[in-house]
Amino acid sequence: MTATNLPFAKAAGTAPRPTASRSAKLRTRRLRTRLAADTALLVVAVCFALPLLWLLLSSFNGHATMRTQLPHPFTLGNFAAILNAGTTFTPMLNSLVLCGGATAVTVVAAALAAYPLSRYRSRLNRPFMLTILFSTSLPITAIMVPVYGLFVQVNLIDTMWGTMLFLATTQLPIAIWLMKNFMDGVPITLEEAAWTDGASSMQALRKVVLPLMGPGVMVVTIFTFIACWGNFFVPFMLLISPDQLPASVSLYTFFGSYGTVAYGQLAAFSMLYTTPVIVLYVLISRKLGGGFALGGALKG
Amino acid sequence: MTAVTTATAPAASARLRRTTLRGLPVVPSVVLLLLFLAGPIAYCIYIAFTDMQLTGASGTHFVGLANFRHAFADPGFRNAVVLTLVFTFLSSIVGQNTLGLGLATVMRRASRPVRTLTGSVVIAAWVVPEIVAGFLLYTFFRQEGSLDAILGWLRLPRENWLYTLPILAVSLANVWRGTAFSMLVYSAALGEIPQDVTEQAEVDGASGWQRMWHVTLPMIRRSIGTNLMLNTLQTLSVFGLLWVMTRGGPGNRSQTLPLFMYEKAFQDSLIGYGTAVALLLLVVGAFFSVIYLRLMRAEV
């Protein structure tokens, strides 16, 4: 079939209604398609689930190996062994401080920046937004070597707040982009009322706009936090002291550097480290309607 | 209007003041982006033309293009370029993109529970932090791991994947980790196609492939473009996943550009050389970003 004789594309709307027997045939064909589709999806699901299943099963397994197998013996010992300050609590707390701080900086800066971009017309808006969009897709990995050099020069290396500000900046472009798009969805009339009542633009932002775009702010916040929580390379490069390392790096240094790995404990730690982001993701996907909207939100 | 023309100078200065005042909220973001993003990029360009070393024994000298000449003559660099191309092509363009589109398409025909289950599993693989994903897939592909057990159970030839074909193993790992994004983008795109268009094509007797090729793909071509760009950019800068799974080994058979850059800068202490490689990576990334920008231009 060539592009020139496309009956279904040209005759759209003018084709006769399908007859009863044809629609019955169509229905059985759909049923067969559904069965094939279900089978294909289940095969893919099993492939994707296997590594995750290893994580779940091994964390409760007293003799965990690299294979996916039922816990034998079933135990909570792996969790008990790692629930101490050095292994779990300090890195988790560091992660929380690092990512919480970075998220706070990103969200506040992004909300402030999004306001004039969304509300006032200026010749600078378009170039600014294009630059932002450009920076959302720059490979941050590539600038980590110079960032390391720069941090050594200005004595920010191995400082929590320096790493936090850098982490915040890496997330800032996408946060500004998302925040501006959410803010564009809030009608301007309510603010105009606030302005006539004598509110400053910052008051209008805080009291009118942000509360109205609550779900949007929440999505940006959680999205930023998830990205920071999972980030390995930035803290791996910029933090050195073992007592400052977040969970992503301590997971690697603790389990990656020993000859014989305690797989059960590795799995248990990974479970504790992964659970918060799964929970947060479920939260935003609810907000966005089943999670399938996030892809749409990300591409604008 | 006459007031404006007669009092041009005060009006212009008032307008300038108003613009400045209105632009004030953007300042924190701009400062962060200049300090932590533009600064390092400028510094990257500077160091790439010097012989800076981590040990700092002999000071830093301007060496012109020596680092780049060195790179193009370095078999290690060429190896890294080839592996990066293979890794990007296999995992991003063939793997994530095609599998993502396939999943999104098949999901529209599948029954609801299967669709939800598969979607959740694939997204879970995406949400899991990079380092955890690295460990999970390391255990999956290792000689004593789950894949080996499955192959043995199916009586298929067994192989030490991380040794014989490390680049294939890490590419599959990246497919595992990144397919959800494409799936979400394509689900959103397919959802926007008016249903009567595809239904009419079906009634007119177009086969599944014909509908895909002549109706669906042309209608989502913009999403395909953005998705390919974003996938490629993300894949170009993967570090943690590879670092945990193979550290670029065995030898340098899975050493993509980010890992090569890291090794040169920190293990061989050649910051200047490592940064030159980083700059090349950044330029390639910027090139893809510009293409992405052109695709997105209508939405800014």
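Even glycines carry a Cβ here, placed using N, Cα and C.
Fair warning: this is a prediction, and the values are worked out from it, not measured in the lab.
Among the features that TrEMBL reports, domain 'ABC transmembrane type-1' is placed at A:92-284.
The region 'Disordered' annotation in TrEMBL covers A:1-24.
As annotated by TrEMBL, transmembrane segment applies to A:35-57 (among others).
Residues annotated as transmembrane segment in TrEMBL: A:93-115 (among others). Sequence-distant contacts of the transmembrane segment (A:93-115) (same chain, six or more residues past either end, CB-CB distance under 8 Å): 160-161, 163-165, 167-168, 171-172, 175-176, 178-180, 182-183, 201, 205, 209-210, 217, 220-221, 224-225, 228-229, 235, 244-248, 250, 273.
Among the features that TrEMBL reports, transmembrane segment is placed at A:127-148 (among others).
Same-chain residues lying 6 or more positions outside the transmembrane segment (A:160-179) and placing a CB less than 8 Å from one of its CB atoms are 94, 97-99, 101-103, 105-107, 109-111, 113-114, 117, 129, 132-133, 135-136, 140, 147, 151, 216-217, 219-220, 223-224, 227-228, 231, 234-235, 238-239, 244, 297-298, 300. Under the heading transmembrane segment, TrEMBL lists A:160-179 (among others).
Residues or ranges marked as transmembrane segment in TrEMBL: A:216-240 (among others). Distant neighbours of the transmembrane segment (A:216-240): 95, 98-100, 102-103, 106-107, 110-111, 140-141, 144, 147-148, 151, 156-158, 160, 162-163, 166-167, 170-171, 174-175, 178-179, 182-183, 185, 210, 246-249, 252, 276-277, 280-281, 283-284, 287-288, 297; these residues of the same chain sit at least 6 beyond its ends, with a Cβ under 8 Å from one of its Cβ atoms.
Listed as Cβ neighbours of the transmembrane segment (A:260-284) (distance under 8 Å, sequence separation of 6 or more from its ends, same chain) are residues 54-56, 58-66, 75, 77-79, 81-82, 87-88, 92, 95, 218-219, 222-223, 225-226, 229-230, 247-248, 251, 254, 291, 294. The transmembrane segment annotation in TrEMBL covers A:260-284 (among others).
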Long-range environment of the transmembrane segment (A:35-57) - Cβ separation under 8 angstroms, sequence gap at least 6: 64, 66-71, 267, 270-271, 274
